[in-house]
C-alpha cells in the first residue's frame, strides 16, 4: 500500500470535525481558526519502540499513548486540546496493526474533541511523533515558573503504578495476578488530566505533568521558580499494587523516581486551597497534598514528620542504562 492510500484509508475517516478547522488533511498545510483572545499552546513528543514503550506493546495502546502524552502536556498548561498532527514511521505496512493503532488514536481524539489535521508517514524503525495544539484564554496559562515558598504541592491520581508495570515486564519484580491488568493499563493507557488542567487555571501557581518521575519533574518547577520543596512520603498516593508488591520503603523509591504516570503536579497558595479542592472534585479528579514549597533551593523528604534521605535517580524511559548523575 502506498503512502497516499494509507492516509486516505486510515487517517482521513475520523469522527471529529471541528468548526475551527478550515482545512485539514489533504493539503500541504492545515488551516485552523483559533478563538478570540486565545493563546495557542503547542507541544511535541516522540515515542520510539524499545525506548518509550516495550516492543510487544499493542498497537492500540501505542496509538492511545502517543496522543495522551501530548494532551497531558497541554493539560499542565491549562489548555483545551484542539488539534494534533501525527508523523508515523513504520518498518512495514501491516494493515491490522495500523487499524488498531488508529483506534487508539481516534478513540482518545473523539473523547476530547480533538481533530487530526495532518502528518506524515515513512518507512523505518517504529516511531511516532505527535504535535498537539490547544487553546488557552489570554493570560490564563499555567507555567512552571510561578511557584513561591510557602505554597502547597498537590498531585492528581496515584503515582508509581506505571513504573511498577515496567519493572514487572522487565522481570525485576513479580506482581500478583490480581494487580497485573490494573498496572498494565496505567502504563499502556495513561489518562491525560485535561479537565483538571483547565480547572487549575484559576488556582495553580505552577504545574507540570509527571512523565520523568516525581522528583525529576518537581525539580523543573523548583528550578524555574527558584524554590525548594519538601515531599511528605507518607502522604504520597500509591496504588495498592505497589506497596503490596515491593513493600512500603521500595514503594516510596519507585513513586519518587518512576516515570510514565502523566499525573499533574501543581502548587497552590494557602488562600486558594479550598477553592481548588472544590473545583477539582467537580471534575472527578482525585487530588492529594504531598508537601510544601520552601526557600531552600533543595528537594527534601520527610516520613512520620522526620527528615529522611532517599537516593533518587531520574527516569530513563525503558533503558537499562543507569541515569547520568
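Each Cβ is built from the backbone N, Cα and C atoms, and glycine gets one as well.
Note that the structure is predicted; figures quoted are calculated from it, not measured.
Listed by TrEMBL as binding Mg(2+) 3 are 28, 73; the candidate from 120, 188, 209, 212 that the record includes in that site is 209.
Of the candidate binding-site residues, 28, 52, 120, 144, the one lying closest to residue 212 (Mg(2+) 5 binding site) when CA atoms are compared is 52. In this view, residue 120 (Mg(2+) 1 binding site) is surrounded by 12 other Cβ atoms within 10 Å of its Cβ, with every protein chain counted.
Within its own chain, residue 209 (Mg(2+) 3 binding site) has 72, 73, 75, 76, 193, 217, 262, 263, 264, 265 as residues 6 or more apart in sequence whose C-beta sits under 8 angstroms from its own. The number of other Cβ atoms within 10 Å of the Cβ belonging to residue 260 (substrate binding site), over all protein chains shown, comes to 26. Taken residue by residue, the domain 'PurM-like N-terminal' (26-135) breaks down under DSSP into 37 helix, 45 strand, 28 coil. Taking CA atoms as the reference points, residue 52 (substrate binding site) and residue 45 (Mg(2+) 1 binding site) are 11 Å apart.
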